[in-house]
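The structure under discussion appears below in the form of structure tokens.
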Amino acid sequence: MVYHKEYETFLSDLRDAGVVHLVETKSTADNKELQESLIQRKRIDTLKRYFKALLADQKDVQQAPARDISVKEGLRLVQKIEECQDKKALLESARQTLEKEIAYMEIWGEFTYSNINKLQRAGYHITFFTCPVAKFNDSWVEKYNAIQISTYQSVVYFITITKIGEVIEIDAERPKMPDRGLAKLRARYNKQLEDIKAIADRLKQYAVEDYNTLDMLDKKLHNKFNYSNAIVQATKEADDKLMLMEGWAPREKEEALEKMLDDKGIYYQKLEIKEEDSVPIQLKNNRFSRLFEPITKLFSLPNYNEFDPTPFFAPFFMMFFGFCFGDAGYGIIIVTVCTLLKRKVGPDLRPFLTLFQFLGLATIIFGLLSGSFLGIALADVKALSAFKAYFLNSDNLMTLSIIVGLLQIVFGKCVAAAQVIYLKGWKYGVAPIGWILVIVAAIAAFGLPMVGIALSPMMLNVCNGLIAIGLLVALLYNSPGKNVFLNFGSGLWNAYNIASGLLGDTLSYIRLFAIGLTGAILGGVFNELAFTMTDGMNIVLRSVMVLLILLIGHSINFGLCMISSLVHPLRLTFVEYYKNAEFGGGGKTFTPFKLEK
């Protein structure tokens, strides 16, 4: 709570601290000043993207540092650039019109309107006509002095020379002719090209000299918007004498913020967080999990009352990517390319390249497990025959995909159980734990024998006992505080959903095996094509053709594998895992009120 005359000073101090996310209680849509700032920023963003595209094909371009200009001067610069763009667009449109006129006049050939005017002064009139070849009447030649100029696409282009005032009765179309001859049109076209080039060069000059200036202007407008918005969001009390502001701050910044407020003599009050509060989210993960945060944000940030899913799905996502790509050679390519690019890109892109280095490492591991290297089946290589028994065959890979799927499903349910226990207490976690016991014990009792692992009678009895206990708890104590009949009815409904959902979810993971197998087979097909299609060629030509087919084929396969290896793990994460982990989402990003520099 701040006295109104001190509010702007307080906002400046708060902005310098840069740790508070201000609560927005009012819409910015009705505020003219804020909307104007947004429009101005959008204009600048459009110009920045235009300049990036303009310089995309130019290497080693050194952009000038930002000039320190005022917002007013910056907006004048924006207007000048936009005027250049508009002028270029008009010239381009005029150029296209001239191209059409020149193309049309080339059919008529070279002539000047001055000669036509001389004939007109002498009492003769020249009229231009076009008609289909089949409709041209030879009698027009004698009657109207018709002269065929050319025939183009089954259309006759001809003129008539008649005395002024003579009526011409011809079943043909009179085209609208350009206002100048071919030579003048070409001269005008060349001048147009020069003007376009001059403006294009000017725009490139703007891109080099003023891109960073526009970037700084955008930050100034962003700061202006945030500051004005902070004033708008304040609630006025006591005849507008007091300004009330709410905000969120990270717990680790609490002490420093309180000290700043105390030093400034600002009255504040800490409020308890309620379940219905929309708390902004700031993810905190270790170096490995932090790489996967863009994937989390791609779907939705978690809300304040649930766990961050990033560290839980990160190892699985990496595993799924490797499973789908499934070729050690492609994995080496990914790791190598990302390693080389990391030296050339800015700090903003390096985390993405590091992420793909890990994904490439997973691809190498799964490629070696499945025995695939650039489409070559390593199990068929004589030099590696001693390791043949260690490579996984198709049956092993399908079984592994199901095992990995069940593992993630059970893990997701464990996360959901831990979350409900953390938020509501142990009694609400009893039923979820019961279902986990049922699933794990059922997998052990019925699944292990299917893969050749026999259980002793005692272990089988233990599994059956766990299933019975889990079902008893899950069916009779899934809604604490309600009567046993409601619990039982709710438990039966949950049992149906879990049984049907578990089957569908598990089958989804078989696609991991299918996608990985498809990539390996397609790579092998391209290898075979490269050698069978070139059989019989001389050694030099064959070498070139083999390399060309391998390069094109593996490039296509690599692209397809990359797409499927990203899309399917995303689907498994956002659909199967999030459902079993009971992920709610809907969190909004923690955006502190601070000065953008």
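Cβ coordinates come from backbone N, Cα and C, glycine included.
In TrEMBL, annotation is done automatically, which means it is predicted and not curated.
Database features (TrEMBL):
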TRANSMEM  312-341  transmembrane segment
TRANSMEM  353-378  transmembrane segment
TRANSMEM  398-423  transmembrane segment
TRANSMEM  430-452  transmembrane segment
TRANSMEM  458-477  transmembrane segment
TRANSMEM  484-503  transmembrane segment
TRANSMEM  509-531  transmembrane segment
TRANSMEM  543-567  transmembrane segment
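Spatially, the transmembrane segment (430-452) is adjacent to the transmembrane segment (484-503); three or more Cβ-Cβ distances between them are under 8 Å for residues at least 6 apart in sequence. The transmembrane segment (353-378) and the transmembrane segment (398-423) are not in contact, since fewer than 3 Cβ pairs between them lie under 8 Å (pairs 6 or more apart in sequence). As a quick check, the transmembrane segment (398-423) and the transmembrane segment (509-531) clear the bar of 3 or more Cβ pairs under 8 A, pairs 6 or more apart, so the two touch. Against the transmembrane segment (484-503), stretch 458-477 has more CB pairs under 8 A than any other of 458-477, 509-531, 543-567.
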